[in-house]
Amino acid sequence: MNKAPQSTGPPPAPSPGLPQPAFPPGQTAPVVFSTPQATQMNTPSQPRQHFYPSRAQPPSSAASRVQSAAPARPGPAAHVYPAGSQVMMIPSQISYPASQGAYYIPGQGRSTYVVPTQQYPVQPGAPGFYPGASPTEFGTYAGAYYPAQGVQQFPTGVAPTPVLMNQPPQIAPKRERKTIRIRDPNQGGKDITEEIMSGARTASTPTPPQTGGGLEPQANGETPQVAVIVRPDDRSQGAIIADRPGLPGPEHSPSESQPSSPSPTPSPSPVLEPGSEPNLAVLSIPGDTMTTIQMSVEESTPISRETGEPYRLSPEPTPLAEPILEVEVTLSKPVPESEFSSSPLQAPTPLASHTVEIHEPNGMVPSEDLEPEVESSPELAPPPACPSESPVPIAPTAQPEELLNGAPSPPAVDLSPVSEPEEQAKEVTASMAPPTIPSATPATAPSATSPAQEEEMEEEEEEEEGEAGEAGEAESEKGGEELLPPESTPIPANLSQNLEAAAATQVAVSVPKRRRKIKELNKKEAVGDLLDAFKEANPAVPEVENQPPAGSNPGPESEGSGVPPRPEEADETWDSKEDKIHNAENIQPGEQKYEYKSDQWKPLNLEEKKRYDREFLLGFQFIFASMQKPEGLPHISDVVLDKANKTPLRPLDPTRLQGINCGPDFTPSFANLGRTTLSTRGPPRGGPGGELPRGPAGLGPRRSQQGPRKEPRKIIATVLMTEDIKLNKAEKAWKPSSKRTAADKDRGEEDADGSKTQDLFRRVRSILNKLTPQMFQQLMKQVTQLAIDTEERLKGVIDLIFEKAISEPNFSVAYANMCRCLMALKVPTTEKPTVTVNFRKLLLNRCQKEFEKDKDDDEVFEKKQKEMDEAATAEERGRLKEELEEARDIARRRSLGNIKFIGELFKLKMLTEAIMHDCVVKLLKNHDEESLECLCRLLTTIGKDLDFEKAKPRMDQYFNQMEKIIKEKKTSSRIRFMLQDVLDLRGSNWVPRRGDQGPKTIDQIHKEAEMEEHREHIKVQQLMAKGSDKRRGGPPGPPISRGLPLVDDGGWNTVPISKGSRPIDTSRLTKITKPGSIDSNNQLFAPGGRLSWGKGSSGGSGAKPSDAASEAARPATSTLNRFSALQQAVPTESTDNRRVVQRSSLSRERGEKAGDRGDRLERSERGGDRGDRLDRARTPATKRSFSKEVEERSRERPSQPEGLRKAASLTEDRDRGRDAVKREAALPPVSPLKAALSEEELEKKSKAIIEEYLHLNDMKEAVQCVQELASPSLLFIFVRHGVESTLERSAIAREHMGQLLHQLLCAGHLSTAQYYQGLYEILELAEDMEIDIPHVWLYLAELVTPILQEGGVPMGELFREITKPLRPLGKAASLLLEILGLLCKSMGPKKVGTLWREAGLSWKEFLPEGQDIGAFVAEQKVEYTLGEESEAPGQRALPSEELNRQLEKLLKEGSSNQRVFDWIEANLSEQQIVSNTLVRALMTAVCYSAIIFETPLRVDVAVLKARAKLLQKYLCDEQKELQALYALQALVVTLEQPPNLLRMFFDALYDEDVVKEDAFYSWESSKDPAEQQGKGVALKSVTAFFKWLREAEEESDHN
């Protein structure tokens, strides 16, 4: 029956599965089912032939195309159309290549589907086919746009009439509506619209969707398809299509709708006149009877979408003279149900016998209009005609529940595909894969609704309901087996056959490509609802059917809805069944598909403003279009999920949905496959059942947008756990050492030097971060132990120190001192290893480089300023301005820090005056503010050192220039004031108004906090006293008269804060009284305070009540205490109360730890003892106060206030001891007044004594204090505490403690038994202590060795006793080895070996049994203990005096250097040869021999030159050179410091390279107390030498 292509014809309804381009009017568009080209939306039409060749069966596999998972729906039977109308039939099924051409699909993916309609000749002069409109103008209403397949575009006067199916809501902005009227040609054109429409809405149609421009897919996204015959005379007529409320879809003009595959029709169908009665063709299905349905479509003017009134198919013409579209539906012989269930597609019957005539200007006929006839009963009894007054609204955007509301449904004619058996629908859909339609369009609005209202409703509905339509479509597609709601009405067998044939021949083929085109359209035009669907992925509201409006008559669908599903449906998933139930419910004509809340807009309220809540709109979240990525959008990874297109069949990983508000998962347990159950939160997502939307072919939940989020998140593609995820790997990833491979370790070895360097820098950085005045000495020791042995490391260390110094100017003094200590550091250069570079040179170069950096900074600032001026926007300009200001601020801070650091280096004599003058001149020349600020900082730092007598003229010039700058007032006031401050500073002889604000020690901080707290306490007490007076009121008078509690029983008013509790600077007290007039025991401050001179600032704060009682019991006539009368008047309670305050305040003042509390108590007890003896007869003249001495020491040690107080306490104890001696002389010995001290008390006293001794190193005082403890049986506590407290202190502290114990042993105050007992308690724990103190054995040896050195205890006895607790532990040898090592350093190994042998010691006593003694001795190098090495006859340890005499004799005799060498080797032991004694004796002898004893004394340089070799041999290192200089200093002192003598020696020694400059600098800065005699004069005499030395070094550095 294929007809030749016609020259004219209406645009055919686009087949959903076929890409079809739009063609210009008048061009034919033969359909070629081949792989379409991906073209643009507005691709120009391509002339194609209207001939439909035989099409192959559509592939059932879903792999090559996106197809609905719903079963196939039978297509409508072909209809008989009038003779003369050309019909293009599709005799065979069409093959579906898996093409991915460009698609134009409604925006929400619910594109309209139109069966390949038969084309009819176009009458010339017919009305235009929506000129100017194009598919791209309308996003959702128009049918799918398939540019890859040619479609004929007819002249503007012809309107195509594709069948309208339930179309998903779209987002295109424009649309025109047309009223479709269906007439039965067999009944004389009777209007059977209402009959058909009322009977066709029971459920989604199983016919394959036919999407034309105006086809409406049903709510599940699919549109039933029927063969359509477009009559030429109806092309000018439009169809007004109503939107379903709640499913927003954009308006579309008919031009939007994509023509289906064109089928030229032989003759035009008769056009119904506006006033004519509708002509409905009764469906006669027996045999091949053909029924023609003429659909009269009334076209209304474009109306705003605000009205959602359904369009009615009124028999009378609308005022707009809408064209009537006739649809002829011809059904051939029915197809048995078995065919639907048995085979996906039966062989199509000739299309000639299965045609539907739809008269619609845009070539689209709503599917709802066709469904009734398609599903008519087998008898094909003509349905009762609906009253012409009740128009049947048709929703082009798949809003069926509103279309037929109120339209009576003919029970006899149930043309809805839902009535078909679901088996058939399943199988047909399996082959055709059309999207199932959740519901047909029930009538929703009364006939009185106007088109304008309808369009108003549509515009809002389509934007929101489009999502719901898509959700329904997606649901139907996802459910692999879901096809029809269980309540669908079964189709008679004969009708089923016809439906299947028609579907197979005409529409089934279009489904797959329709899916792809929906995706394409979503890619291109999804801007409104589509993007909303991607942006907000919320669970869809379950689409629950609404009760029909009052005026609606439920059609036969209600009957069909009650039909249970067939038994075969037991295999379907719950998801599919839920969708079917949902679809069937929503298709009922008298019901609304969506449930509208009471306060929500309803389709019936046409004039009301449309409002939809969030849940309602979220119901459209999972529609098909929402699951596709629109084409043409920018790549926005945060918004668009790319993989939704590429892998639509991938099952959703439920673990990705844990955070989604999703409903309960109703998937049966056997289908979960071990997946985690989703949490039951939020509204259900998929449908009424709340199950997850199913993916195509039922492969599990479709991956969709996630639930509502409080904050936007990235949409991350679901990744299966089985996928191999490639992680980004860094090329040089860090690995812990334990994880590194051999290759990594090899590379690490290659870079070992670099890693060591970096480790060095890290350690230096750590030390610098901890550098404080208090920690300086400890940290400097760590620095000197670092391996700074290359130029690179030295430069790196210098850079670290320098950067730290200039960034922290307040600590520049500490950093400068560190540099001073490192000044002598030398390392070989990288280029010339033989040439060395020293620390000082590199540091000065670094300072100079930073000082001269101003020019570079200026260039950078100019560049930034230029960039800022050229900035285009104000924002960019502001940003650049901030950067410029920040850069200038940083440069300024660096300059100031550098200047301060340079000044501190100069003060330490590391820079010469010449350099500093150069800096001052350079800064003074530049009158910019930065330079002047640096100048002020520099002069403030070093002005006092530069402003000496010789340099005053130069300094005057500087300050005159500064005064000029101030007077000119060309600089800012800030700089002028800074300059003025420097002038004032010089005027005040460089004495600043405020002290140095540098860093403070912890003790200073504690003391300041203590003073502040004390002041606050005073204020509080004063306020309390005032407040109590005010509260009591009454006349002013004595406090006792007002009952003030601060008055004691004796009538004395106790001051709230006694003076005794205030911190007192005892150093100021000597200014008040003469040193000799103060009795250190009698001066008491405040009753009970008992602050004495001897007690320091802590004075007796810890006195006990018993002490106070004893004081109160003293006779008032005591002349030794001028305050004794006052003392007696104070009751014990008052003193006790005040004493508490005093104790707390004093403890804060002293800054001691909690452990020192006992120290205070112990001192107070001593104070009590003293108080007890105050009343005894003593002669003040015989007593001498030690306070003056203590104060002098305090001046020498300002940083040791604690030591000062302890020294004062020791002094008082010593005075007490003297008193006791005198008493013993006059009286017989008396036992102490109080009982012996307890262990706890003794420990507290011992702690105080030891602390005081270690601070002052006053041996006599300490011995006397221990003697006064009068507890010889408990002195082991003193020993134990002494060893324990010094174990982790410095070596000097341990040495001093050992000497104190030795002295106590020698004096008899400490027995050896007590000494050993005290040591045992420590030695027993030594092995455990070794974990925390690795060098514990060395430290113990340092404490024990002094006893042996002085001969206090024999070596044998001592070694055997102290090793008793260590032998079981096997540690005895460890301690002895350390002791022997220290003894060898002091007396030589031979003397130590002699002592060892004399004591009869053997290593066998101290080593574990079985250990090889010989191997041990050899390993530890203690062979001298075995006596194997005999001392040479001539070698002996000469005393220093004898050595000096012998060397002087040799040199006086003029002995050669070699002879002196020989004598030394022959007569001195090896130990003495390398000792400092030989160096000092040799230096003294050589220098003395070089002096020319004339007036004035001079140096014979020739002698020194001759003896240079002799000195150089033994002055082998810097330490020996320093000892030589000490010897020279002592020699000059003995000669009474002859002028210039030392300078001449220094010059000669330096010139002969006997003493190197580093040793000179070390001597200059040495603070060794043993070498201070005459040091000041000597240093002054060689000032010129050191000045010259530094200048010469500077010159060499510059050269």
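Counting begins at 1 with the first residue displayed.
Even glycines carry a Cβ here, placed using N, Cα and C.
From a predicted model like this one, the values you see are computed outputs, not experimental measurements.
Of all ranges given (91-102, 607-618, 1387-1398), Swiss-Prot attaches the label region 'EIF4E-binding' to 607-618. From Lys1095, Lys1183, Lys1567, the position flagged in Swiss-Prot as N6-acetyllysine is Lys1095. When Thr35, Thr223, Thr441, Thr667 are compared in Swiss-Prot, the phosphothreonine annotation sits on Thr223. Arg694 is the residue among Arg55, Arg694, Arg879, Arg1178 that Swiss-Prot labels omega-N-methylarginine. Its own atom aside, the Cβ of Lys602 (N6-acetyllysine) has 22 Cβ atoms within 10 angstroms in the protein chains shown. For the recorded site, Lys602 (N6-acetyllysine), the DSSP three-state label reads coil. Across the residues of the region 'PABPC1-binding' (172-200), the predicted structure has a mean pLDDT of 69.
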